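Features reported for this protein in TrEMBL:
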type: TRANSMEM; residues: 32-53; note: transmembrane segment
type: TRANSMEM; residues: 65-89; note: transmembrane segment
type: TRANSMEM; residues: 95-118; note: transmembrane segment
type: TRANSMEM; residues: 125-148; note: transmembrane segment
type: TRANSMEM; residues: 160-180; note: transmembrane segment
type: TRANSMEM; residues: 192-214; note: transmembrane segment
type: TRANSMEM; residues: 226-246; note: transmembrane segment
type: TRANSMEM; residues: 266-283; note: transmembrane segment
type: TRANSMEM; residues: 289-310; note: transmembrane segment
type: REGION; residues: 315-364; note: region 'Disordered'
type: COMPBIAS; residues: 322-335; note: compositional bias 'Basic and acidic residues'
Amino acid sequence: MSSDCSSNSTCSANSMEKELPGIMEGRGTLKLVFTVVSAVMVGLVMFSFGCSVEIRKLWSHLRRPWGIAVGLLCQFGLMPVTGYLLAIGFSLKPFQAIAVLIMGCCPGGTISNVLTFWVDGDMDLSVSMTTCSTVAALGMMPLCLYLYSRSWNLTQSLTIPYQSMGITLGSLVVPVAFGVYMNYRWPKQAKVILKVGAIVGGILLLVVAVTGVVLSKGWNTDVTLLIIGFIFPLVGHVTGFLLAFLTHQSWQRCRTISIETGAQNIQVCIAMLQLSFTAEYLAQLFNFALAYGLFQVLHGLLIVTAYQAYKRRQKSKHRRQHPDCPEVGYEKQPRETSAFLEESDGAAVTLRPSGPEQQHRAAE
């Protein structure tokens with residue numbers, strides 16, 4: 001998209017030739033790296049996380065989709081509003097503001113499934129939300145962009161990357177379906193695949209982030225966009241957690257929805273930027289998308305580190321209070337506090353010890 005163009009020279013087709021060769025080379029290399037690595041990452045990770053999905057729980061989420069509904073409200077309600085407010089608050093130029101809105105309107109990314117696993121979140125809800133948000137994005141992305149982009153005068157229409165979203169959806173559904181079948185037929189082997197996939201997914205996420213930084217050959221981006229790239233995912237995590245908490249979701253679901261809200265599909269955003277912007281603007285906007293992806297990985301790693309530290313602290317506290325009690329191998333799952341509680345969730349909660357004394361008796 002070409003916005004705020006006062007002269008034909010800056011918005012002509014010849015602007016492609018004016019871009020620096022180094023930036024073009026770096027952008028082309030990055031595109032190839034992201035395509036290959038993302039394809040491998042999505043296939044392996046989604047297959048492994050599909051091995052953690054139980055058909056009964058998945059059907060429970062689809063039959064009473066309260067958690068999915070809250071997640072979609074965060075994804076296509078809070079994130080576009082946050083992007084709009086950031087664009088207004090930082091007084092961005094039209095083409096920069098639209099890029100921020102595009103990022104806010106994108107569906108959830110695969111990184112959310114990796115992070116959800118490491119914070120002991122609801123994997124069934126996480127996979128369901130990622131899939132449903134990708135399907136919903138086919139209609140919600142054009143609607144949200146139409147509503148929020150009216151504040152700026154645009155001379156060129158946006159191009160929705162339906163092909164890219166279709167490929168993303170296929171790369172989600174097919175591996176997850178095989179993983180669910182694997183868990184149904186061979187549950188013991190599925191647990192091993194899940195652990196290996198979680199580790200591989202984390203490594204590949206770091207590879208994608210580091211490769212993007214190394215091959216970018218300098219951040220040719222407005223500092224304001226880098227600041228927004230740092231703030232945006234963090235705001236998404238916080239507001240997603242608060243909305244889940246206000247709707248009385250369990251702590252496990254609050255963590256899941258929080259991560260799903262802040263983690264966006266960077267590949268869809270990059271595809272839309274490439275289809276909608278000329279090379280003059282694409283260079284810095286492409287780096288903005290990379291910066292968002294890098295910061296969402298860093299924020300996610302900080303969340304995982306904080307949670308794992310808290311978890312180890314609770315285990316150490318339990319060992320000090322009950323030195324003769326064996327280690328309990330499962331996490332205490334809090335009870336839902338409203339009508340959002342599903343029958344299967346309630347049954348699962350009541351079967352688990354709810355305190356140190358109950359855990360001690362269960363171990364004995």
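Using N, Cα and C of the backbone, Cβ positions are placed for all residues, glycine too.
Bear in mind that TrEMBL entries carry predicted annotations, made automatically and left uncurated.
Remember, it's a predicted structure, so these values are computed and weren't measured experimentally.
Note on the transmembrane segment (226-246): residues 70-71, 73-74, 78-79, 82-83, 86, 90, 92, 100, 103-104, 219, 253-255, 257-264, 288, 291-292, 294-296, 299, 303 of its chain, located 6 or more positions outside it, place their CB under 8 angstroms from a CB of the stretch. In this chain, the transmembrane segment (125-148) lies in contact with the transmembrane segment (65-89); the count of Cβ pairs under 8 Å, excluding pairs fewer than 6 apart in sequence, is at least 3.
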